[in-house]
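J.: Here it is, the structure in full.
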Amino acid sequence: FGLSYNFYEKSCPQVEDIVRNGLQPIFLTDPTSAPALLRLMFHDCQVQGCDASILVDPGNGNEATEMASSKNLGIRKREIVSMVKSMVEAQCPQQVSCADILILAAREAVAVTGGPRIKVPLGRRDSSHAPSHRLPDALLPPATAGVSEMLNIFTNKGMNLEESVAVLGAHTLGITHCSNLQNRLYSRNNDELRGTEPGFAAFLRLTCQKGPLTSNLSFVLNDPTPFSFDNEYYVNAMRGRGVLKIDAEMVSNPKTAHVMKHFSMNEADFFRAFYSAFVKLSRYGVLTGKQGVIRKNCNQLS
């Protein structure tokens, strides 16, 4: 792969400490930044691999970049990665890629919220071109994705069943925008809410009103502990309180039901599976060696 656990041993041995120390005050003052950084990594890695392409701002040619995709609605805190990058640049100029910094930031986000401390191999390089918004449109799963579609996506990245169900446990952090729930809450045939506890369905409809006025500001918490990385996502789903369609469906789908139940009762096993899923996702489609570049500024290609 060209990734290794001691990649920066000579060129920037203190990189992990710089990232951790740079993020600490941010995590303390803004609890929403941890879920935002984890989601940022997931959205970056699923579109042409973990190459920090999601951090690129639209250029002068006004080509709509990844962030213009509606699938990236609610993606925030990209500037945190740029800020940490400048701290790394001050110590180790032009050595560490934005792609590696993004992975390290996401790993810190998991650890600081109570999740496993994940050791990740490093050595990714940054993309030298930004894909258009059409790529995330095509590659990121829609809010309406079902179980087999979701399993397909993660199996293609080398994950087994347990890891695929665990990777969705990242939903234990943060929120879901109401615009992603419209279809589910107000579909004509109403079977979208099958298996959802009636009181919870009513709560979702109350929070997310019908219609085009559902602003991007309205949202629901993914589980009762949105700032803690724990197995509440599974506990909640087992009670018929899955927020997204996929959260609810995995409980009743014969392929995934037993894994959901197991993770709801055994947090340590969820953490173990999430750990290996995170590492697999972080290695997916990466640029190494002579491929790609090391960007000086994460939000610019040059």
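Counting starts with 1 at the first residue shown.
Any Cβ shown, glycine's included, is placed from N, Cα and C.
Here the structure is a predicted model, which means the values were calculated and not measured.
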J.: Choosing among CYS50, CYS92, CYS98, which residue does TrEMBL name as bonded to CYS12 by a disulfide?
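T.: That would be CYS92, the partner TrEMBL lists for CYS12.
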J.: Need the cross-check against TrEMBL: the disulphide partner of CYS298, picked from CYS98, CYS178, CYS208.
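T.: Among CYS98, CYS178, CYS208, the record in TrEMBL lists CYS98 as the disulfide partner of CYS298.
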J.: Test of understanding: give the count of other CB atoms lying within 10 angstroms of the CB of HIS171 (heme b binding site).
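T.: Excluding its own Cβ, the number within 10 Å is 24.
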J.: When the Cα-Cα distance from HIS171 (heme b binding site) is computed for each of the recorded positions ARG39, VAL47, GLY49, SER53, PRO141, which gives the smallest value?
T.: ARG39
J.: Take the domain 'Plant heme peroxidase family profile' (2-302) and average the pLDDT across it for me.
T.: 92
J.: Which one is it, among the recorded positions ARG39, HIS43, PRO141, that lies nearest to GLY49 (Ca(2+) 1 binding site) by Cα separation?
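T.: Comparing Cα positions, the closest of these recorded positions turns out to be HIS43.
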